[in-house]
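Visitor: Can you keep this structure in mind? I'll have questions shortly.
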Amino acid sequence: MALMMVVLTWRQRIVAIAAAIGIDVVFLLVRWAIDAKTTEGHPFGNGALWVILGCAVIAVTRRTGQERVLLLKGVGLGLLLVAGRKTGDTWLLITSKTRPMVLDQYLATADHALGDPSWVVGRMVRATGPVGPHVLDWVYVQLAVAAVAFALYQLRHVAVERRFPGHHLVRTFLVIGLLGPGIYMIFPVVGPIFAYGTGAFGTGGGHWAMANLWPDIPPPNNNPHPMLYDEITPRNCMPSLHTAWATAIFIHSRKGPLILRFAGAFWLITTLGATLGFGYHYGVDLIAGVVFALTIEAALRSLERGWDRSGIQLVAYGTTVFAVLLVSYRYLPVEMAEHPWLFGPLLILALASVIHCYVRTTRLWEPKLAPVRQPEPQPEPV
């Protein structure tokens, strides 16, 4: 609802918030009166959804022309996030039901080239006691809230200018969430805590795990093969979408004020620490996630400004590197583990090359400020 309200005036925002709170209070009173318990999710939020739907009705029945289009865009933005969340949950369920075999052994073997970062960071997080895990868990869970906060800053002028900017963070977030699960289906992976540990969120681990090794003992460098896993745990590791989303936040925060740039860097670093430190991802997942995010961001920016040679080359290069990474993880993990001093730097070099190409190309896309023309000196009258 917060994103939908960027198209409203301040008076309309106050009315919308009051209406949402009032509807939630009514729902709570009804539940209390009939002694109904909330089985899952939050006991509030119905009011926000009803307000969004009400704004859609107002746009169709009470608005015309550009005002109708603008309000419907705001409604669509809010509903897309709701639909995206539900679609993501559905995709996770589909991956667990349709991909019984997982490829964790391949990634764990390939991760030897990077020095088994999930095992290293996992021990570091555990050594911090209760403080480190609590901070990282809060950052990891609140990623969507951070994205909304950054998006609200980007869209803060919509109500005044009566138009949306050509490109903003929400577009990147939605496209990452739309395309990412397709890779899950091609490369199903559950993560170190599930394949080599005790599991998490009440799923995985136990007899489904290869062995109880994470984070104390790195997995052996054996011949990897697909392994059977349960039908509950999502196969949502390759690529790391949390890393991709945090990368998108970092990119879009670069043009904000200092505190926003600091927050973007903080969210990226702590998200990387959480994904590795909790055993949710392998190091190679994170490399693929950053390349995935940069490629999508480049494609969306090219779409907004018009495709040209530089945009096509950047997107093609990012796509090629991403595909080569996936093929290498699947078919060369043993070689990567046996020659870490070769493949480790190659992985970092591949990531750095995509980052360099993205930064260099997008800087050329920035509008050039025309130099201020100095007035010519006039001769003084005699």
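Cβ coordinates are placed from backbone N, Cα and C, and glycine is handled just like the others.
According to TrEMBL, the domain 'DUF5933' annotation covers 1-94. What TrEMBL records for 12-32, 44-61, 68-84, 138-156, 168-187, 258-276, 312-329, 341-359 is transmembrane segment. Residues annotated as domain 'Inositolphosphotransferase Aur1/Ipt1' in TrEMBL: 111-296.
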Visitor: Give residue numbers and ranges for long-range contacts of the transmembrane segment (168-187): same chain, 6 or more residues beyond its ends, CB-CB under 8 A.
Guide: 3, 77, 80-81, 84, 87-88, 91-92, 94-95, 98-99, 103, 147, 150-151, 154-155, 234-239, 241, 244-245, 248-249, 251-252, 292-293, 296-297, 300, 326, 329-330
Visitor: Mind checking how the domain 'DUF5933' (1-94) divides into helix, strand and coil residues in DSSP?
Guide: 76 helix, 0 strand, 18 coil
Visitor: Of the listed stretches (12-32, 68-84, 312-329, 341-359), which one yields the highest count of Cβ-Cβ distances below 8 Å with the transmembrane segment (44-61)?
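Guide: Most Cβ pairs under 8 Å with the transmembrane segment (44-61) come from 12-32.
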Visitor: Taking all residues of the domain 'DUF5933' (1-94) together, what is their mean pLDDT?
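Guide: Mean per-residue confidence for the domain 'DUF5933' (1-94): 83 out of 100.
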